[in-house]
Amino acid sequence: MVSPFDLSQPHAVVSPAAPVATRAAVPGSKSLTNRYLLLAAAAAGTSFLKNPLHSDDTTYMRAALKAMGVTIDEQPEGWSVHGRSPWQNPTEPLFIGNAGTAMRFLTPALPAQGVAATITGNERMLVRPIKDLVDGLRQLKTEVAYRGEEGFPPLQLQPPLTGGACRIRGDASSQYLSGLLMALPTAQQDSLIEIEGPLVSRTYVAMTLDCMARLGVTVGVNEDHTRFEIAGGQTYRATDIDIEPDASTASYWFALPLMVGGTLTVPACPEQSHQGDFGLVGLLAEMGARVTRDGGELTISDAPLNGVDVDMNTMSDVAPTLAVVATRAQSPTTIRNIYNMRIKECDRIEALQTAFDQLGLKMENGRDWIKIYPGRVTTPALVNPEDDHRMAMVFALLGLADGGVGIRDPECVAKTYPTFYEAFGAVLHRK
């Protein structure tokens with residue numbers, strides 16, 4: 001069986017794949033892994049994280065925590081995290097690559113844990129905005145200094161984070177709010193966070209609150225998630241966690257039979273999850289995909305697809321997946337309320353538009369929407385994922401369906417799915 005991926009060159013060449021009929025195990029959730037790593041590191045006692053994600057983003061988070069004196073023992077089944085509070089000052093600046101969760105979660109956690117440090121990242125991280133989070137910390141009287149361009153990392157942080165009141169925008173990134181929520185319960189004083197404007201990716205905030213509750217910390221929140229009341233002086237309690245599969249990563253498997261034909265089953269998919277990206281399954285069913293569930297197993301089979309008009313604000317990470325599936329539909333698809341895509345690892349709307357134009361696919365876009373027309377790859381091209389793992393993986397799906405796709409810097413998938421090509425190549429073969 002010959003893999004559809006040729007990785008012998010600096011770029012990947014993707015050939016059309018035959019229809020699939022298999023099962024696929026999905027790695028643990030990045031969002032959950034990095035949240036639980038942070039909380040367990042601040043907890044009293046030792047927590048065991050089963051099925052964590054091994055990837056660049058979680059490696060950067062672990063390395064940063066270890067640099068601050070947290071002991072993490074890695075075993076085949078998972079990681080034992082020996083919590084401590086306060087953390088130690090690192091001897092060097094904390095480098096977290098392009099791991100957005102690590103940057104946005106650690107930034108408030110450092111002063112909360114009594115740490116004075118500089119936190120920085122790679123070139124792409126240094127152009128990802130963080131002003132809203134810094135403004136919130138400054139309202140809480142925490143000393144934060146920009147060490148480069150105003151509004152962007154690197155940041156120099158000084159303790160303490162003692163609590164208080166702040167207002168932050170809700171329409172940029174929910175990770176700013178999640179970072180503050182996880183840090184403030186250990187502050188001396190009670191805290192109040194008020195949200196200005198609509199809150200994007202609300203399901204990820206619900207995930208954060210659930211993770212905190214699993215380690216014994218609670219937050220008061222009003223019905224529309226615009227006001228969060230956090231009691232100070234709380235202590236996280238160590239516990240054992242079984243991390244569920246990553247819904248964003250699962251999206252590429254869910255899309256696979258719709259791109260190449262066939263049937264695919266993904267086990268261990270929870271029926272109830274705070275990972276909003278599992279909502280993609282419902283959208284695929286709405287388009288016409290055949291979706292069945294047997295307990296924790298989800299099976300998706302190809303079928304004629306129709307275009308849809310959908311709001312993906314709560315699951316923008318899987319909007320690129322739906323976009324490539326939409327090329328298989330019989331009518332156009334519009335995806336709305338996804339401005340957040342523009343401030344991810346790259347401007348994902350522009351990256352999609354550029355690649356679609358190169359490959360002869362029709363797409364239109366605006367500030368916070370895209371429209372995808374039915375089509376096939378007609379112009380073979382070497383496309384640029386802009387060092388964005390999710391772009392590389394959705395471009396691979398297009399290549400598996402139609403061929404004619406080369407991908408620059410294919411190794412960027414290591415950010416969340418280092419074994420992507422091996423895992424897909426193991427169950428696929430060229431037509």
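Placement of Cβ uses the backbone N, Cα and C atoms for every residue, glycine included.
Cross-referencing Arg62, Arg214, Arg342, Arg348 with the phosphoenolpyruvate binding residues that TrEMBL gives (Lys30, Gly100, Arg128, Gln175, Arg390, Lys415) picks out Arg348.
Arg390 (phosphoenolpyruvate binding site) and Asp317 (active site, proton acceptor) are 8 Å apart (CA-CA, integer value). For the recorded site, Arg390 (phosphoenolpyruvate binding site), the DSSP three-state label reads helix. Between the CA atoms of Gln175 (phosphoenolpyruvate binding site) and Ser201 (3-phosphoshikimate binding site) there is a gap of 9 Å.
Candidate binding-site residues: Lys30, Arg35, Ser174, Ser201, Asn340. Nearest to Lys415 (phosphoenolpyruvate binding site) by Cα distance: Lys30. Figure note: comparing Cβ neighbours within 10 Å for the binding-site residues Ser174, Asn340, the maximum is reached by Ser174.
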